[in-house]
Amino acid sequence: MPVKAGTQKSKQVSSQAASQSVKAPPPKQAKAASKKKDDDDTTEMGEGTEEWMQGKTLFKPSDQLELTEVELKEEITRILTANNPHAPQNIVRYSFKERAYKPISNVDQLAIHFSLDGNMLHKDSDEARRQAAKMGISERTTTTETSTGETEERTEAPASREEAGEVEEGGHGGDSRKGKSEQKITNQFNFSERASQTLNNPLKAKSQTEPPPRANFSASANQWEIYDSYVDDLAKQERNKEKQKAPPTKKENDKSKKKITSIETQSDDISKVAKSSKIIERMVNQNTFDDIAQDFKYFQDASDEFREQDGTLLPLWKFQYDKAKRLAVTALCWSQTYKDMYAVGHGSYDFTKQSRGMLLFYTLKNSTFPEFIFPTNSGVMCLDIHKVHPYLVAVGFYDGCVAVYNLKEGGVQPAFKSTAKCGKHTDPVWQVKWQKDDMDNNQNFFSVSSDGRVVSWTLVKNELVYTDIIKLSVDGALMDGPEGMQLHTTACGTSFDFHKQTDYLFLVGTEEGKIHKCSKAYSSQFLETYQAHNMAVDAVRWNHFHPKVFISCSSDWTVKIWDHTIKTPMFTFDLNAAVGDVAWAPYSSTVFAAVTTDGKVRA
């Protein structure tokens, strides 16, 4: 609203003057006023009204600012808004789209002074009708104050039997009135209360449950007690076998079948406590090897500072199984899902000592006994654990068979196994490798053997379906066939590895010392052939980080690093012993480790 005033400064001065004009008068006048007030107290009420009727005198302070007529007539407009004075005006939020902090212009100015949540519903609302229908309350007509007389007439009984008869003849109205009784309204408000539909659960005391009974038990066991318990268990088993073989007596025949089934002989089966015993065994072993378990990740040998380039490998755990003592360790593979679990393949490389094999699974949580044991009829030469499905394990044997073991299934037999009818290898299988699932989401893996075949195996229902990817041959080497035909000499595959980024590209090493670069799409020819080594190629590995680099090792004492676009090696390392295996470091593109037959590991 407009207010006459001068400038902003003059307005403040005038407001100050107005406030001062209401204040008390100077000291002399104040004394006079107080004296006059005392006199007025002694007089009657009618005498003081004249002073009250008089107008009040305004006193001008001495330091009041003098304003001109123009300044006094100047209008200053004030606009009253409904904005919340306590609402923040400098809110800033981060915008992920623009990657910058943006101020917020729209600030909520709403200020709630009072809020109350009610539990009443209007009777004519839809929700009230639904609740009334759910509770079984029918709609009844309510009476008003104006129709009190009509309701009284309705409730009155007919005066005579004739009137009652007329009503009945008119359409059995008396029956409807008797059956329909009006419900009295308890109050004058029309509402349905929500709280009436809620059941209040009774309160429970805190100390209502009783603690389970507990008891302390302790005992000691020695070798004699263990021996006696085993002897008693053996005697029980023999008695149970004799009872099963003995013919039933007459008394037993007279008993009912239901009673016989309830009195069956119970044998002490240790499989009932197998899970509990395994957990206790792990706890005992972890307490025994607690120092090793705590130190093996962070152990630093202080003597390495004085050995220049030589280091030491200290044994931590010793894993052994009595039934596999005479077998050589031919394959090792760690699980990618369970970091503490790995598989071991047992067999023999000697042709004259081929007998049996064994597949064992160990865990670092229990180093005294294997987790899974699978005996095999032939020696295990290689194995690979599936990365996505860790319970599937592909195994290659010395007799040319490949098999897939499923750890979820019980038993010691493989879930899938190749035979002579379904394209098994004719020579030992040196390496197997899981691949990505095919177009039909079937698991598949590859194998390479000394018979010169690289085969893809697919798990379809209950059988292995094989596909020959490529057949290795020696270029320029011919042999005499039947009827004077010239046949190409088959090369013996020893190892292979698939490219990390390109799925169809893979390398194959042979016993002749050559490395072939092959493709899954071409089965008749090689993409490239490298004259790599003078003896058999024991291992070939693609680099984890550089897509063009791979490494190879051989029994000719050398390790070579290659670029697959160049036929000559980039680096050659002579280790003065036959190199059995080589592997890239998973954390660096320039670090690798190699193991030699003289028992040394070089990195």
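Even glycines carry a Cβ here, placed using N, Cα and C.
Annotation comment: TrEMBL describes 1-56 (among others) as region 'Disordered'.
For 8-23 (among others), the entry in TrEMBL reads compositional bias 'Low complexity'.
As annotated by TrEMBL, compositional bias 'Acidic residues' applies to 40-50.
Annotation comment: TrEMBL describes 126-183 (among others) as region 'Disordered'.
According to TrEMBL, the compositional bias 'Low complexity' annotation covers 138-149 (among others).
The compositional bias 'Basic and acidic residues' annotation in TrEMBL covers 151-183 (among others).
Sequence annotations record features per position, and here TrEMBL assigns region 'Disordered' to 238-264 (among others).
What TrEMBL records for 238-255 (among others) is compositional bias 'Basic and acidic residues'.
The repeat 'WD' (530-563) scores a mean pLDDT of 91 in the predicted structure. Among the features that TrEMBL reports, repeat 'WD' is placed at 530-563.
Residues 494-502, 507-517, 569-584, 586, 588-589, 592, 594 of the same chain, all 6+ positions outside the repeat 'WD' (530-563), place their C-beta atoms under 8 angstroms from a C-beta of that stretch.
The repeat 'WD' (530-563): residue composition by secondary structure is 0 helix, 20 strand, 14 coil, according to DSSP.
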